[in-house]
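The next block holds one structure in the form of structure tokens; read it before the comments.
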Amino acid sequence: MSDKKTKIQVRDLDLFYASNHALKKINIDIKENEVTALIGPSGCGKSTFLRTLNRMNDLIPIVRIEGEIQVDGKDIYKDDDVIALRTKVGMVFQKPNLFPMSIYDNVAYGPRVHGIKDKKVLDKIVEESLRDAAIWDEVKNRLKSSALGLSGGQQQRICIARAIAMNPEIILMDEPTSALDPISTLKVEELIRKLEDKYTIVIVTHNMQQAARISDKTAFFLNGELVEFSDTNTIFTNPRDKRTEDYITGRFG
């Protein structure tokens, strides 16, 4: 058993899109400084669940949520400060979504919005974030160039640097490599393994081999239910539930 502290605790979570019951009584404890992969077929609820962890679903008017999600023991749905939550819980999306500005300005954007104006402080944040995202050496001589001129894999690592610049404790990733080529995917995967020393990472992936490579724990979702959650090795070699076994062996999904 892991002796790491529980970072995210979810209890009896239900989510409805109008009358559609999209998540059903989800209970899960996500440990600090681990990579937790969410797997399952399309439409199973894994991305919907990911977006409950930083209240992204609040942006959809027909969504209703019941149950409790605690981050560091605090119920995030009883706290009105969503901006503080999204500072603590960063997000990286499926496709790189950089702003049409320089590499430097992309990474400095969040800190500037939060009132940091000192250039030396911003320079330090930008460099540290780009180093943490394993892309500093590739871009250090072109920080004033447009971020949109980078390759897809580089752009995604800039997106990760932009999330890191906000000094989060948790990073959510929604299929961050699905739009990337195999070499870029490998670089992002290597980066994720390094980042777990500093951050708690929750990643949605359709790629089961990726989940097996990069995660400590894996959660299998099906039809809005959390079917099984365990150490990744157990999920892939000795699953308890036949539905998990059927999915990972390719019998459906």
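Easy rule for this one: first residue shown is 1, then count along the chain.
The backbone N, Cα and C atoms fix where each Cβ goes, glycine too.
Worth saying up front: this structure is predicted, and the values here are computed from it rather than measured.
Listed features, source Swiss-Prot:
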type	residues	note
DOMAIN	8-248	domain 'ABC transporter'
BINDING	GLY40, PRO41, SER42, GLY43, CYS44, GLY45, LYS46, SER47	ATP binding site
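Counting every protein chain shown, the Cβ of PRO41 (ATP binding site) has 14 other Cβ atoms within 10 Å. Across the domain 'ABC transporter' (8-248), the model assigns an average pLDDT of 96. Among the listed binding-site residues, namely SER42, SER47, the Cβ with the most fellow Cβ atoms inside 10 Å is that of SER47. Counting other Cβ atoms within 10 Å of each Cβ, the lowest count among the binding-site residues GLY40, GLY43, GLY45 belongs to GLY43. Take the mean position of the Cβ atoms of GLY40, PRO41, SER42, GLY43, CYS44, GLY45, LYS46, SER47, the recorded ATP site; other residues of that chain with a Cβ within 8 Å of it are THR48, PHE221, LEU222. Sequence-distant neighbours of LYS46 (ATP binding site) (same chain, six or more apart, CB under 8 Å from its CB) are LEU38, ILE39, GLY40, VAL204, ALA219, PHE221, listed in sequence order.
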